[in-house]
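Asks: Got a structure for you, written out below as structure tokens; questions coming shortly.
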Amino acid sequence: MATLAVIGSTTTYELGWLTLLVIPMLAVIQAIAAQVGVVSKKGLEDCVRAEFGRAWALLALAALLIVNVLTLAADLEGGGAALQLLTHVDYRWWLAPLGALTVGVLVFGNYRGIERVLRYVALLFLTYVAAAFLARPNWGDVLYHSFVPHFDFRAATVSGALALLGTTLTAYAYVWETIEQSEEKPALRRLGLVQVDAALGIVVAGLTFWFILIATGVTLGVHHRSVETAEQAAQALAPVAGRYASLVFAVGLLGSALIAIPVIAGTSAYVASEMFGWRHSLDATFTHARKFYLVLSACVAAAVAIGLAGVPPIKLLYFSGIAGGIATPLTMALMLLVGRSRNVMHQRRIGPWLAAAGWSVTAIVTAATGIYLFQTLTGQGGS
């Protein structure tokens, strides 16, 4: 959400086409992840270690943990920023309590039950659909930028594209998909239903992303208003929520953060445990999966420490998306190789067309990463 607010404020509708393109891209990657998890009955890290050995598994683990801890810090700050809007207490005071709540829920509580409730809170982001219409954008301009791809290579456009790709195609999301399917162990005959269910969720999420971009573009980008605080990001909801815009935004942002934080922390603990052969399951008690929960707690503690460094929440959320975009091609490529492996997938390998689509997605993210790094290192790209 914060990433899209920044993109909308800096590029208006210019990346509308990429926001829509993310829908099939994400559907492809999640379909591959679901198939790997359902068929192999293992998480991605386990599969990489089995297929390529410890060295590649360690590299994948390092890339994932670094980005996950940074993203975890960003989401903790996002939750803190939401609580600051609600209570007027500085967001940094909320980081440790949110971290402790996360660990407590995952170690002692029923996270999956709580997640089902929080998903309804996140539906508040659908108010951006109404906000996009009520703000009366130039729909001709919106549709042109949404269906006629254009890329001007300005630094703001390049970083915005990479942040968008890194936020939506972030490694923890598809790694978590492999973990969930390996834990639930659905029958192979249900693979198609699993993939369709994931695709439907992605379409709804992707269209919501698009409307968020429109709403922030017309209320902020057109007027050249930058987004540096949660209060500024909430302005995009003013057409529909009026003086309650900050409240609606805060509740939605908090719900979104409370969903993401446990998933990111849990993914980190799972991949580390898979790498080193430790017992790992959110259904296990602390006594039976001590190392798993210690890794989880350490990741949350590190994220809280990063959050206390004082980087503004919106900025950290945006740049964690960029970091995710830089790191994700490695794990994406490894997942595609695993998906085509007879050793791991046996007779249920991903098909050649799905593999080709997956490699196309990987190539797009890699290209965005390359352009961003080139501009950053050479100082080119302008503003």
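Quick reminder: no glycine exception, Cβ is built from N, Cα and C everywhere.
Feature list, courtesy of TrEMBL:
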- 15-34: transmembrane segment (TRANSMEM)
- 55-73: transmembrane segment (TRANSMEM)
- 93-110: transmembrane segment (TRANSMEM)
- 117-135: transmembrane segment (TRANSMEM)
- 155-175: transmembrane segment (TRANSMEM)
- 196-224: transmembrane segment (TRANSMEM)
- 244-271: transmembrane segment (TRANSMEM)
- 292-311: transmembrane segment (TRANSMEM)
- 317-338: transmembrane segment (TRANSMEM)
- 350-374: transmembrane segment (TRANSMEM)
Asks: For the transmembrane segment (155-175), which recorded stretch in the set 15-34, 55-73, 196-224, 292-311, 317-338 gives the largest number of Cβ pairs separated by under 8 Å?
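Replies: Against the transmembrane segment (155-175), the leading stretch is 317-338.
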Asks: At a C-beta cut-off of under 8 Å, are there same-chain residues at least 6 beyond the transmembrane segment (15-34) that contact it? List them, or none.
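Replies: Hits for the transmembrane segment (15-34): 4, 7, 44, 142, 145-150, 157, 160-161, 164-165, 168-169, 173-175, 177-178, 181, 191, 194-195, 198-199, 202-203, 205-207, 209-210, 213-214, 332, 335-336, 339, 350, 354-355, 357-358, 361, 364.
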Asks: Six or more residues out from either end of the transmembrane segment (350-374), which same-chain residues have a Cβ under 8 Å from its Cβ atoms?
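Replies: Answer is 24-25, 28-29, 31-32, 35-36, 153, 158-159, 161-162, 165-166, 169, 322, 325-326, 328-329, 332-333, 335-336, 339-340, 380.
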Asks: Considering pairs 6 or more residues apart, do the transmembrane segment (292-311) and the transmembrane segment (196-224) have at least three CB pairs under 8 Å?
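Replies: Counting Cβ pairs under 8 Å (6 or more apart in sequence), the transmembrane segment (292-311) does not reach the transmembrane segment (196-224), since there are fewer than 3.
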Asks: So what's near the transmembrane segment (317-338) in sequence-distant terms, Cβ-Cβ under 8 Å and 6+ beyond its ends?
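Replies: Long-range Cβ neighbours of the transmembrane segment (317-338): 2-3, 6, 29, 32-33, 36, 40, 44, 47-48, 51-52, 56, 59-60, 63-64, 66-67, 70-71, 73-75, 77-78, 159, 162-167, 169-171, 174-175, 178, 344-345, 350, 355, 358-359, 361-362, 365-366, 368-369, 372-373.
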Asks: What parts of the chain pack near the transmembrane segment (244-271), using Cβ distances under 8 Å and only residues at least 6 beyond its ends?
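Replies: Same-chain contacts beyond the ends: 1-2, 43-45, 60-61, 64-65, 68-69, 71-72, 75-76, 78-79, 81-83, 85-86, 98, 102-103, 105-106, 111, 115, 118-119, 121-122, 124-125, 127, 172, 175-176, 179, 230-231, 233-238, 280, 282, 292-293, 295-296, 299-300.
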Asks: Under 8 Å between C-beta atoms and at least six residues away from its ends: which parts of the chain pack against the transmembrane segment (196-224)?
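Replies: Sequence-remote neighbours of the transmembrane segment (196-224) are 1, 4-5, 7-13, 15-16, 19-20, 22-23, 26-27, 30-31, 34, 125-126, 128-129, 131-132, 135-138, 142, 146, 168, 177, 232-233, 235-239.
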